[in-house]
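If you look up Swiss-Prot, you'll see 2-237 marked as domain 'PABS'. The S-methyl-5'-thioadenosine binding site annotation in Swiss-Prot covers Gln31, Glu106, Asp137, Gly138, Pro162, and the record cites sequence analysis as its basis. Taken from Swiss-Prot, the feature spermidine binding site covers His62, Asp86, Asp155, Ser156, Thr157, Asp158. Among the features that Swiss-Prot reports, active site, proton acceptor is placed at Asp155, with the record citing sequence analysis.
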Amino acid sequence: MELWYTEEQTQHVRLSFKVKEHLFSEQSEFQKVDVLDTYEFGKLMTLDGLVMVTEKDEFIYHDMIVHVPMAVNPNIKNVLIIGGGDGGTARELMRYQSIKHVDMVEIDKMVCDVARDYFPTISSELENPRVSLYYEDGVAFIKDKENKYDLIIIDSTDPVGPGEGLFSQEFYTNCFKALTEQGILVNQNESPVYEQFAREAIRANSKLKKIFPIVEVYQAQIPTYPSGYWLFGFASKSLHPVKDLKSSVWNQLNLNTKYYNTQLHVGAFALPSYVKEQIENGNV
């Protein structure tokens, strides 16, 4: 008998994976956490039935959420990750010796525990002494911070459930205050393909534009995320993601990334016409 896991991405679209084994299933204080071993994508973790990370394509997401801002400002020293419980974002940041410290705020301890147990190559830097891990609400954590971080990465779930507050204007305003003069904020920004996700991308972008002087959107192809086409937001107090790209400095680091490179960086900000229209006009 074959075992398949099916994720409902919209009311009319589903993505299915042939499963070798269901390795873990438990309800945390916040959400249902499952780990499945699949034939094509290796082990994957789901939160409330939605794919959060897979062994096969996680490098795409983590490369793009970390190396894009780091190539714009390779002098980043202090970083805040909100979410990121699988540890992939922390892993990529720890490749930079210039980074002094990372605060990582994950609301659900179970996500980190499961990542340590089942995804050791992704969670490998969670014990790094340069990483401080806080199991609390990122919305509350950021409230009293001022001029502290050079980079804030919002590596959150979708704007429902535990991640909902991470998409509010008040939260983005607090992030702005917490950033230094050349501070950068990066967030995952949903997909422009399906209407329900496109609306959230537009909302997040419009809120950021009310607060930050520089706001841009960039893209990546992530097979297991809804539609396979995903957007990220880049917001900064003073640095433009393309005009201020430090290609030569970043390339000298020889990080040997699997997805990201500085040519791709420039192209990632060249959006299809329909996506540009969605963002500029605020209509799906």
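Placed from the backbone N, Cα and C atoms, the Cβ positions cover glycine too.
Since we're looking at a predicted model, the values are computed, not measured.
Positions of the features from Swiss-Prot, shown on the structure.
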residue : record                                 : Cβ neighbours (10 Å)
Gln31   : S-methyl-5'-thioadenosine binding site : 20
His62   : spermidine binding site                : 26
Asp86   : spermidine binding site                : 26
Glu106  : S-methyl-5'-thioadenosine binding site : 27
Asp137  : S-methyl-5'-thioadenosine binding site : 16
Gly138  : S-methyl-5'-thioadenosine binding site : 28
Asp155  : spermidine binding site                : 25
Ser156  : spermidine binding site                : 22
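Spacing of Glu106 (S-methyl-5'-thioadenosine binding site) relative to Ser156 (spermidine binding site) is 9 Å (Cα to Cα, whole number). Note: the Cα of Gly138 (S-methyl-5'-thioadenosine binding site) and the Cα of Ser156 (spermidine binding site) are spaced 10 Å from each other. Model confidence over the domain 'PABS' (2-237) is summarised by a mean pLDDT of 95.
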